[in-house]
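S.K.: Annotation comment: Swiss-Prot describes 1-24, 150-190, 202-240, 328-362 as region 'Disordered'. If you look up Swiss-Prot, you'll see SER9, SER156, SER254, SER256 marked as phosphoserine, on the strength of sequence analysis. The domain 'CoV N NTD' annotation in Swiss-Prot covers 31-153 and rests on sequence analysis. The region 'RNA-binding' feature in Swiss-Prot is assigned to 33-159; the stated evidence is sequence analysis. Residues or ranges marked as compositional bias 'Low complexity' in Swiss-Prot: 154-163. The compositional bias 'Basic residues' feature in Swiss-Prot is assigned to 164-176. Per Swiss-Prot, the feature compositional bias 'Basic and acidic residues' maps to 215-235. Feature annotation from Swiss-Prot assigns domain 'CoV N CTD' to 224-337; the stated evidence is sequence analysis. Residues or ranges marked as region 'Dimerization' in Swiss-Prot (evidence: sequence analysis): 231-334.
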Amino acid sequence: MANQGQRVSWGDESTKIRGRSNSRGRKINNIPLSFFNPITLQQGAKFWNSCPRDFVPKGIGNRDQQIGYWNRQTRYRMVKGQRKELPERWFFYYLGTGPHADAKFKDKLDGVVWVAKDGAMNKPTTLGSRGANNESKALKFDGKVPGEFQLEVNQSRDNSRSRSQSRSRSRNRSQSRGRQQSNNKKDDSVEQAVLAALKKLGVYTEKQQQRSRSKSKERSNSKTRDTTPKNENKHTWKRTAGKGDVTRFYGARSSSANFGDSDLVANGSSAKHYPQLAECVPSVSSILFGSYWTSKEDGDQIEVTFTHKYHLPKDHPKTEQFLQQINAYASPSELAKEQRKRKSRSKSAERSEQEVVPDSLIENYTDVFDDTQVEMIDEVTN
């Protein structure tokens, strides 16, 4: 063979002359990376029996460089302590590159099958091997791919090695976290037991005192937190009653604002029965879609009026509380009545009878309703 190499010709060679070794191959560290994805061989098949002699991948090198070899990679997996063989994988390298860069074309080597295109030069190519940061190429061939060959997609050796290392690091981190959490739990348990024993003895540690002070401070801050609704710069009809006198926002009780007794008006949302009263009020959507609406101009504004009618159960306790608030501004308050009763006790029985407010002065609002329901008509012009 000349130093410049000769062109490959398969014309006079028998297809049975395919040199190989009976060895299962050898482990080689830092194997150069192939330009191409590997081929996974069907279990039980023989690569050298199925591989065409011109089975060179397309896409790299010129006509003279279409020569090289397929290198075997044996694989296995440990299952319950037993080694389980996996299908072989074969990687392609150009002549003069890869793990057998010093080998000559057709040398008999362990796990090596030589291939070349007709007319290729049987001398080392200068194509080198793939860099670790470059992605492997998909396998493409001129001829038909044997059925025993499975062409892998982006399963290069470095990716496989990277995934294996990543899984190993992940397992190590997981085990480390597990041990750390276990140790932390043990430490916490011991600490809690010691603190509990000290507490029984009436001894408080600095940490417990700090926690107690911190909780007290939090409770103090929560008590002073301002929950007053922000009603400034809002229209009257957009304001929200807070704790305290509602006349600041809605004015004194009158024929156009006739809901609420003196206690409710003075205390707003903090009044005793406010939550129950609020439950008897229609929802926004009910008012919006279930009311009769009218509008008219009022200077530089538009006055909107709506009439809404709905029913409350007559015998429900909340209904009675609600009805007592209608036009309550025109009736004596409970506070005023109680004050009068106290004054009357210091006076004569005759004077007391004259000053006690007769029950007939308290309007009865239930006589206008039927036996089962309360019908209400609200008219809002604000």
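Even glycines carry a Cβ here, placed using N, Cα and C.
Provide an account of the burial state, proximal residues and distances for the features listed.
M.R.: Look at SER9 (phosphoserine): DSSP puts it in coil. Packing around SER9 (phosphoserine) is summarised by its Cβ count: 12 other Cβ atoms lie within 10 angstroms of its Cβ, all protein chains included.
For the region 'RNA-binding' (33-159), DSSP puts the residue distribution at 13 helix, 42 strand, 72 coil.
Within the model, the domain 'CoV N CTD' (224-337) carries an average pLDDT of 81.
According to DSSP, SER254 (phosphoserine) sits within a strand segment. Under a cutoff of 8 A between CB atoms, and with a sequence separation of 6+ in the same chain, the neighbours of SER254 (phosphoserine) are TYR329.
Take the CB of SER256 (phosphoserine) and look out to 10 A: across all protein chains shown you find 10 other CB atoms.
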